[in-house]
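Listed features, source TrEMBL:
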ACT_SITE  His165  active site
ACT_SITE  Cys207  active site, nucleophile
DOMAIN    360-415  domain 'Legumain prodomain'
SIGNAL    1-22  signal peptide
Amino acid sequence: MMTTSSRGSLVPFLLLTAFAMAAVSESRRSFQEIASQSGADASTGTQWAVLVAGSNGYYNYRHQADVCHAYQILKANGLKDENIIVFMYDDIAENEQNPTKGIIINKPNGSDVYHGVPKDYTGDETTAANLYAVLLGNKTALSGGSGKVLSSGPNDHVFFYYTDHGSPGLVAMPVGDYIYANDLMNVLKQMYKAKKYMNMVIYIEACEAGSMLQGLLPKEMGIFATTASNAKESSYGYYCPGDDDSSEYDTCLGDLYSIAWMEDSDAHDLGKETLQEQYLVVKKRTNLSHVMQYGNTVLSKAFLSTYMGQSSKKVSSVPLDELSSSNSLAVPQRDADLVFFQRQVQKAPKGSSESAEAQKRLDEQIARRSHADRSINQIVNQLFGDSSAASMLTDVRPEDQPVVDDWDCLKTFVSEDL
C-alpha cells in the first residue's frame, strides 16, 4: 500500500502528463422563484452529508480535524447521525505525537471537535470503492465499515465535503486507489439518474481541486460546487506552527479554505446566509489560491441551512477576522509535511537519537522532492527538446474543458509511476 506521504513525488509528474496530454447569464429572480424551480426548500426532504478526510499520518492532522469540525457544525444545526456519513482513518486522536490524547482541535486553543464523531469508515475501510458505494447507496458493494450509505431520495438535499491532497484530475484516499475526476463524475451521474437527491452541494479542499470538476459537471444535474483551488495550483494548510512558535502542536491544524467556510458557518445563522454569500466570504479569506465554483450556480441562492441544517442557538458576536489566530501561518499543502519534520528536528535534543532520526526523515522528504524535480526536467527535455518547453508545466486547457480527455492514459501513467 502506498502511503499518503510517498505520493508527493507524483505531483510534478502528473502536472506534466496532464498538461502534455491536453496539447444564460443568470436571471434576476427572487429566492422564492429559484426555490420552486430547484427544490431549495429543505422542509420537503431529508438533509444528508458525506464527509471525507482523504489522508492518514499525524503530519496530515489537518484533514481529519477539518472533517471532525464539519461534523460538529452539521450536528449542532440539527442533522442526525443516521444522515451523516464520515470517512476518516482515525489515527490522530490517540496518536503518540498528539499532545492532547483523545482530542482533536481545528484551530489554536480551539475546542475538541473529535467527540461524538461517527466512525463509519476508518482504517482500511477508507477506500474510493467504499466511498462510491456509499454515494450510490449500494450496501452490497461495501467492504467493512458501519454499513451506513446514502439512502437519499428525490426530495432530499446532499452535502458532500472532501479534504486532502490532490493532483490534476485526482484526489487521494488513505487506502487504495485514487479518486479520479471521471470516476467521481460517473458516480454523480448515476446518482442523478437514480434520483438520489433534489439538489447537491460539493465542497472540495485539495491542490488542483478545480480539476475534479472543470469541464465535467453539467448544470442540469442540480449540483453546486466550490473548490479550494483552480485546476493548476496548490491549496493551503492553515494554523501551521512557525519557527518561533511555542505551540505544542508540530503540525498544521486546518486548511485555509476549509477553515474559512467552517468558521463562517460557526459565526452565522445558516438560515440567513446563502451559499453564494459564503462563497464570496471564503473566496476573500482564501487569498493564496483561487476559490472556484462549478455546476448550477443558481442553486447558490439557497440558504446554507438547506444543506447544513439550522439551529436556534445564538449567533456569535465575534467578527470573522477575530476568529483567526493572530499568529496564523498558511503553508502550501505539499509543504505542510516538511513543516512537521522540521519542527521535529528543532524540538529534539541536539545530538540525541531522536534528533538523528528526525533529521533522517526530513532529509528523505527533501531527497524525494529533489529526485522528482530532476525527473521532470529530464522528461521535459526529452519530450520537447528545449528549456522553453517547460512552460507546458503551467499551460492548462480552457476552464470549460477537462484537464485531460484520455483518462485511461492518465491512470496508466499514474499506476506505472507507483
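Counting begins at 1 with the first residue displayed.
Any Cβ shown, glycine's included, is placed from N, Cα and C.
Heads up, TrEMBL stuff is auto-annotated, nobody curated it.
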If you draw a 10 Å sphere on the Cβ of Cys207 (active site, nucleophile), how many other Cβ atoms land inside?
-> 24
May I ask for the distance between Cys207 (active site, nucleophile) and the residue listed as 'active site', taken between their Cα atoms and rounded to an integer number of Å?
-> 6
On the 0 to 100 scale, where does the mean pLDDT of the domain 'Legumain prodomain' (360-415) fall?
-> 76
